[in-house]
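Per Swiss-Prot, the features are as follows:
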DOMAIN    125-152  domain 'PLD phosphodiesterase 1'
ACT_SITE  130  active site
ACT_SITE  132  active site
ACT_SITE  137  active site
DOMAIN    364-391  domain 'PLD phosphodiesterase 2'
ACT_SITE  369  active site
ACT_SITE  371  active site
ACT_SITE  376  active site
């Protein structure tokens with residue numbers, strides 16, 4: 001029996017029907033979990049991501065996958081092809097190992113001139129696989145909002161994407177493994193050999209990634225910091241304080257990648273069916289929030305029933321996709337008029353920015369990337385799903401529905417902290433104009449325009465909000 005299984009199964013037997021969960025708020029812990037679990041793998045690694053960057057953390061994890069394969073682990077790597085430019089040579093090398101297989105979701109035929117693909121095959125290539133999972137030996141899995149890259153793990157000099165994953169053991173791991181297999185064998189996925197020329201006959205022990213990937217000072221500093229983290233010590237010696245709760249996986253039908261999924265099978269519909277009608281409160285944290293007319297109507301129906309709704313999303317200054325902000329900005333006044341609380345994450349913070357990671361709601365220079373919400377302080381969703389039309393209708397998504405007051409209280413606590421420390425609260429003045437209120441200072445500071453943005457950026461967003469492109473956002 002693999003050592004991970006021998007450590008996990010006795011714990012699970014003490015909590016029948018429940019899953020052991022550890023929320024990965026801190027970016028360093030999120031990287032450490034993936035890196036160390038890859039080192040601990042003995043039989044299988046099933047890895048599925050929307051983005052895998054060719055940067056320090058991406059290369060370290062590529063190296064960890066190759067090292068696992070050299071130990072005899074079967075590695076299956078499933079990537080969305082929209083974000084693989086520049087990775088073809090690395091993927092070829094990995095796929096040439098007999099125990100590594102790489103597959104691509106909705107691959108591009110034109111490798112060098114990818115925009116041509118959108119001209120000739122738009123309806124297919126506009127549908128992407130946004131799922132994110134990392135499953136080890138069939139007994140431990142990580143699911144959440146993070147892709148693979150320095151911006152998600154606080155590993156480089158880029159601004160941090162503040163995010164949330166959850167590490168899970170228990171029955172839901174088998175569900176994630178089965179879901180991975182559904183995607184692995186679906187019609188939208190192609191083996192790398194069908195997309196690229198992959199060399200054959202390589203000796204497994206001769207396949208090497210560049211040594212320079214591990215020899216620079218920044219990489220050494222980051223790995224030392226990881227090794228000294230309390231999380232790593234708890235992970236290795238099996239003393240992580242797990243939250244035990246009933247957990248359900250929700251994942252889109254892979255046929256969504258072909259535009260053939262039934263509407264009732266789409267993740268948001270199933271999500272709201274499972275979570276039922278809130279009676280008291282919903283706290284939503286979403287990097288991209290484009291509610292649409294139908295979504296706004298649904299939110300307002302809940303408000304009229306006495307449900308308190310609070311939403312935290314990126315400000316225009318913090319949003320890494322400014323045009324998406326247009327699909328949200330057009331609905332702000334209506335939501336505020338009906339009593340929905342809106343908070344927008346600041347792009348910077350007053351305190352020091354020295355590698356200080358505040359988890360879900362960010363640190364200095366952070367952009368919100370988490371996708372989570374809690375209902376009535378009892379139920380939580382953590383996953384890849386953004387509250388926008390693209391996640392609803394075009395991209396495939398996944399996530400966990402968790403029945404845990406402990407986890408819901410954690411989300412609520414972080415939300416409340418962000419309201420005062422990391423975000424502007426939006427309010428309407430007596431003339432119905434939006435004000436941005438900074439409550440971090442001793443005295444409230446009221447701003448009359450989109451904070452920390454230029455005139456031309458505001459004009460661009462205003463123009464984008466007029467265009468009929470909401471369904472693409």
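The count begins at 1 with the first shown residue.
From the backbone N, Cα and C atoms, a Cβ is placed for every residue, glycine too.
Fair warning: this is a prediction, and the values are worked out from it, not measured in the lab.
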Intrachain neighbours beyond the domain 'PLD phosphodiesterase 1' (125-152), with Cβ under 8 angstroms and 6 or more residues off its ends: 2, 4-5, 8-9, 24, 27, 30, 33-34, 37-38, 40-53, 55-58, 61, 78, 80, 82-83, 105-106, 108, 117-118, 158-161, 163-169, 172-174, 176-177, 179-180, 183, 188, 249, 251-252, 256-259, 287, 369-372, 382-385, 391, 394-400, 472
Within the domain 'PLD phosphodiesterase 1' (125-152), residues counted as helix, strand or coil by DSSP: 4 helix, 11 strand, 13 coil
Sequence-remote partners of the domain 'PLD phosphodiesterase 2' (364-391) [C-beta within less than 8 Å, at least six residues beyond its ends]: 23, 50, 130-132, 143-146, 152, 159-166, 250, 267-268, 271, 275, 278-292, 295, 312-314, 318-320, 324, 327, 345, 347-349, 351-353, 356, 358, 397-405, 407-409, 411-412, 422, 470-473
Intrachain C-beta neighbours of residue 376 (active site), sequence separation six or more, cut-off 8 angstroms: 278, 279, 280, 281, 282, 408
Proximal but sequence-remote residues of the same chain as residue 132 (active site) (Cβ under 8 Å, at least 6 apart): 48, 49, 50, 143, 144, 145, 146, 147, 165, 384, 398
Mapped DSSP class for residue 369 (active site), helix or strand or coil: coil
Inter-residue Cα distance where the pair is residue 137 (active site) and residue 369 (active site), in Å: 28
For the domain 'PLD phosphodiesterase 2' (364-391), residues assigned helix / strand / coil by DSSP: 3 helix, 13 strand, 12 coil
Neighbourhood of residue 130 (active site) by C-beta distance under 8 A, where only residues 6 or more apart in the same chain count: 50, 80, 384, 385, 391, 395, 396, 397
Residues that sit under 8 angstroms from residue 371 (active site) by C-beta distance, when 6+ apart in the chain: 145, 164, 285, 286, 287, 382, 383, 384, 385, 386, 387, 399
Spatial neighbours, same chain, of residue 137 (active site) - Cβ under 8 Å, 6+ residues apart: 2, 4, 5, 41, 42, 43, 44
Residue 369 (active site), number of other Cβ atoms within 10 Å: 25
